[in-house]
Amino acid sequence: MAEIKNYYFSSESVTEGHPDKICDAVSDAVLDECLKQDPNSRVACETLAKTGMIMIAGEITTKAKLDYQKIARDTVRRIGYTSSDMGFDADTCAVMESIAEQSPDIDMGVSAGKGLFNSESSNVSEGAGDQGIMFGYAINETETFMPLTIHLAHRLAERLTKVRKDKVVDYLRPDGKSQVTVEYKDGKAARIEAVVISTQHAAGVDHKQIEADIKKYVINEICPANMLDSNTKYYINPTGSFVVGGPMGDCGLTGRKIIVDSYGGHGAHGGGAFSGKDPTKVDRSACYMARYVAKNIVASGIADRALVQFAYAIGVPEPLSVYVNTFGTAKVHDEVLANIVSKELDLTPAGIIKRLDLRRPIYEKTTAYGHFGRELPEFTWEKTDIKDLFANAK
């Protein structure tokens, strides 16, 4: 079947004040505090947020001493929920916890030398923390090798937060969402068909004022002018009002924005969430590694886009499979690239952790505006330092 060349594609993002993102941030703040005190911490931390309360639960084995109340309140305060007028208050919300240690059966499979498959004399290594399939994706339509739709959606959500925190638009509240539809012609991004922004705001603000401010200070600052035209549609708070937001408007849960966190519907997703998980959990670390590999393949110039898949079994260090698909854009066969990945890179959890330096307290920064496509110093998986592995592949 021939590939469709003319189509519309949409991606969404959310702000750090979205209830699910509050939970991601709290879970990763707990993880960061564990890793700060004990880099070998095992963490699986879930958070729920609803009106007036936060619940932290999970399995954590660590030498760290944790003040869950402080971690949760500091995180919510940083996001900006500091008054009951907003529907949530960092200083008055209840913080509950239910934490156990990691299951000894899981520990046996993960800890080097304990399990059936990670204790052979030739391969004493940490086993994968779970089974699963993990994907990474990259495309050369933006400077960060991310799909344009999710890139724009993230930047709009990020800008929405910035104008709120900088008080450029002083009636905005923390909760918000963005969505971008791009028209593709002959397989290339041609124009922006639609922009959706939903932003929480103070009561009594005229809807026309919100529309004007969001267009001026958010959309026009982010969306390329040459991709906006007279037919571009704008949907700004399309219900007419968004006063009730955050956990009062919707219950929040860790791990419920996996497509926002990855590629906005492009590529593929194995189903595992990221936040609250230490790097022995391949749901997180192997996805970061897959992005690293895909980005370096595309950055090398040997392909225009790349999808990389790894698969793991719990307790087994080596991946069960390595897959590369460049959608016919590569200068060599995809199996050549897959063989390079398999032979030249250590894809065990220990190898990934070492290469990407993942036992650091870096994770709360990942929770909003994309785990991928932001070239922050801590985001080692965004480096293109192995592109030469692929540049001259034959």
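Keep in mind that glycine also has a Cβ here, set from the backbone N, Cα and C atoms.
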Of Glu59, Glu143, Glu211, Glu335, residue recorded by Swiss-Prot at the L-methionine site of Gln102, Asp250, Lys281: Glu59
Rounded distance in angstrom between the Cα atoms of Asp20 (Mg(2+) binding site) and Lys257 (ATP binding site): 7
Cα-nearest neighbour of Asp250 (ATP binding site) within the listed binding-site residues, Glu46, Glu59, Gln102, Lys281: Glu46
Per-region confidence, the region 'Flexible loop' (102-112) (mean pLDDT, whole number): 65
Mapped DSSP class for Lys281 (L-methionine binding site), helix or strand or coil: coil
Distance [Cα-Cα, Å, rounded] between Glu59 (L-methionine binding site) and Glu46 (K(+) binding site): 9
Spatial neighbours of Glu46 (K(+) binding site) among the binding-site residues His18, Gln102, Lys257, Lys277, Lys281 [C-alpha, 10 Å]: Lys277
Set of same-chain residues at least 6 away whose C-beta sits under 8 angstroms from Lys281 (L-methionine binding site): Ala44, Gly129, Asp130, Gly272
